[in-house]
Amino acid sequence: MTELKNDRYLRALLRQPVDVTPVWMMRQAGRYLPEYKATRAQAGDFMSLCKNAELACEVTLQPLRRYPLDAAILFSDILTIPDAMGLGLYFEAGEGPRFTSPVKSKADVDKLPIPDPEQELGYVMNAVRTIRRELKGEVPLIGFSGSPWTLATYMVEGGSSKAFTVIKKMMYAEPQALHALLDKLAKSVTLYLNAQIKAGAQSVMIFDTWGGVLTGRDYQQFSLYYMHKIVDGLLRENEGRRVPVTLFTKGGGQWLEAMAETGCDALGLDWTTDIADARRRVGNKVALQGNMDPSMLYASAPRIEEEVATILAGFGQGEGHVFNLGHGIHQDVDPEHAGVFVEAVHRLSAPYHQ
């Protein structure tokens, strides 16, 4: 494989010295970029874009052509695993993802296969290999998956949800059925992420988008327990260097200590968590990623720079910070504002690394 020219993102995740704080953006390949919209139109629809390795590679690289980002993230979707399990994923205009065959019972869980990452999910591995080839060692490639709990919410609810009553009903009335589903998903995610690593992903991230809707006790039992199982089963070295793992529970700032005990390398923070407080609590154990409010990108350039400066000062001197948004970039953000953000992180962070 090609020698990595810029490894500051990987170094920061391992709390090693860097020259400036590395930065990337969740959903950096996305609808805020006109070139993304053009490629998506060419593909026909979202899943066709994910399943075409050349086009998935193209949209992965688009933000890197505009901005000096320190990492690329695989262009894919968290719902690839449930789709490969045969639930019939489709997208409804204005409604988001839906499944034709949601999981309603233990019998439904028992029928679900564990997908072979190189067969049913081979299109994802093809995309990883294509992107690695085209990156030519410029920056590392991040692979990812949804967490078992987050995937289960979509599979049981039949799509997106606001109140999560269907899955919570299963959790409280039929906990064995939900545990069986989460266990199957944990095995599937472990295989899926390890296949991404073997295909060339140099770091992986687990997105627990809906962990924050749980009580503390339920979070431990139904979300964190299964992410811990995945971390335990991951390949932690490939191509002669460590493959860092980042866990991100949106709305999970109160559980950072428990998350840091999983053996992951880094924790993602959303914008509701104070980064100085997070560093005091777990900074001696894990790196931190985050955590500007994505809506700040609607602000003026000076206001964006001020916010970047505030977050950098909050983290303070030294290593172990990857700058990011606290969640995905919004689709109607001006691309120039994203450029202001990336440039400000590099310029304003240099003094913190001297």
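Quick reminder: no glycine exception, Cβ is built from N, Cα and C everywhere.
For ARG27, GLN28, ALA29, GLY30, ARG31, ASP77, TYR154, THR209, HIS327, the entry in Swiss-Prot reads substrate binding site, with the evidence type sequence analysis. Summarising the annotation, Swiss-Prot assigns site 'Transition state stabilizer' to ASP77.
Overlay of Swiss-Prot feature records on the structure.
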residue	record	Cβ within 10 Å
ARG27	substrate binding site	18
ALA29	substrate binding site	25
ARG31	substrate binding site	14
ASP77	site 'Transition state stabilizer'	18
TYR154	substrate binding site	26
HIS327	substrate binding site	22
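In the three-state DSSP scheme, ASP77 (site 'Transition state stabilizer') falls into the coil class.
Of all residue pairs in the substrate-binding list (ARG27, GLN28, ALA29, GLY30, ARG31, ASP77, TYR154, THR209, HIS327), the one with the greatest Cα separation is 23 Å apart. Of the recorded residues, ALA29 (substrate binding site) and ASP77 (site 'Transition state stabilizer') place their C-alpha atoms 12 Å from one another.
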